[in-house]
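Structure, as structure tokens:
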């Protein structure tokens with residue numbers, strides 16, 4: 001199943017700190033040495049790769065995308081031009097025939113450890129739109145969505161036994177017609193022991209299962225009078241508040257189990273559809289400013305959290321994949 005972790009709250013309440021950890025002025029680099037200061041994004045990534053390290057080598061791989069939703073448009077923060085320079089390229093969200101949300105031509109980079117992942121996130125952060133307001137000098141004017149797509153290979157119902165059978169994996173290595181990403185193939189060993197990785201399988205016997213972990217640093221909800229923004233920043237605030245309202249509407253529809261959930265009312269909710277609806281797991285981190293003057297915004301954030309807590313889901317059902 002898919003998972004989404006997001007930080008919600010007014011501008012300046014600590015959302016980016018919660019998701020990313022401390023950011024030095026002009027230096028967005030993460031330091032894995034300061035583990036006590038890490039935010040949710042680097043912590044979650046470290047845990048993902050720790051769990052993968054306990055699995056048979058080559059049985060999982062991870063791809064990363066970094067986008068921002070700015071003025072209700074989606075920008076690919078990992079896109080490059082012909083010279084290797086990074087530019088945010090506008091993309092769009094579509095719904096596939098299977099009813100899943102997808103962003104065609106979105107850049108997906110394969111990563112093998114947390115350090116590679118954080119390097120890509122840093123690169124994307126350099127392009128994120130910020131603007132000073134009366135509340136926060138470096139207010140994020142866009143929603144940052146970092147997605148880890150975790151792919152594994154399933155053969156029937158006996159996934160664990162299949163990978164434990166060394167002869168089977170060696171045979172499939174020789175006979176395979178379907179392969180893992182090029183980066184995984186180039187690296188002949190993904191384990192420190194140097195064991196050969198079973199990264200090739202017969203297409204007729206293999207089924208790929210993809211799951212998403214979406215880590216979201218939402219732009220701050222804010223009262224226009226409090227932030228004192230004008231001009232372009234005022235337009236940004238309008239889009240931010242509308243998208244956050246659309247997110248609240250989606251959670252409300254899910255909580256009330258309505259037949260129609262308005263995911264398409266915003267690019268943000270359309271992008272997060274697979275990690276918010278269905279049997280996905282959603283964790284909302286509410287960031288609240290302690291100041292008395294921010295009481296109205298704090299009450300609004302708590303109202304959003306109350307709506308999120310009203311969402312009730314049953315037990316996730318195991319999906320069985322019969323052998324062809």
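Glycine is no exception: its Cβ is also placed from the backbone N, Cα and C atoms.
As written in TrEMBL, here are the features:
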- 9, 10, 11, 12, 13, 14, 15, 16: ATP binding site (BINDING)
- 189-203: compositional bias 'Polar residues' (COMPBIAS)
- 1-311: domain 'Kinesin motor' (DOMAIN)
- 177-203: region 'Disordered' (REGION)
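Under a cutoff of 8 A between CB atoms, and with a sequence separation of 6+ in the same chain, the neighbours of residue 14 (ATP binding site) are 7, 287. A C-beta separation below 8 Å, combined with a sequence spacing of at least six in one chain, links residue 9 (ATP binding site) to 15, 218, 220, 221, 286, 287, 288, 289, 301. Every protein chain shown contributes to the tally, and the Cβ of residue 16 (ATP binding site) ends up with 27 other Cβ atoms within 10 Å.
Counted within 10 Å of its Cβ, the other Cβ atoms near residue 10 (ATP binding site) come to 24, all protein chains included. Other C-beta atoms found within 10 angstroms of the C-beta of residue 12 (ATP binding site) number 22, with every protein chain shown included. Residue 15 (ATP binding site): 26 other CB atoms within 10 A of its CB, across all protein chains.
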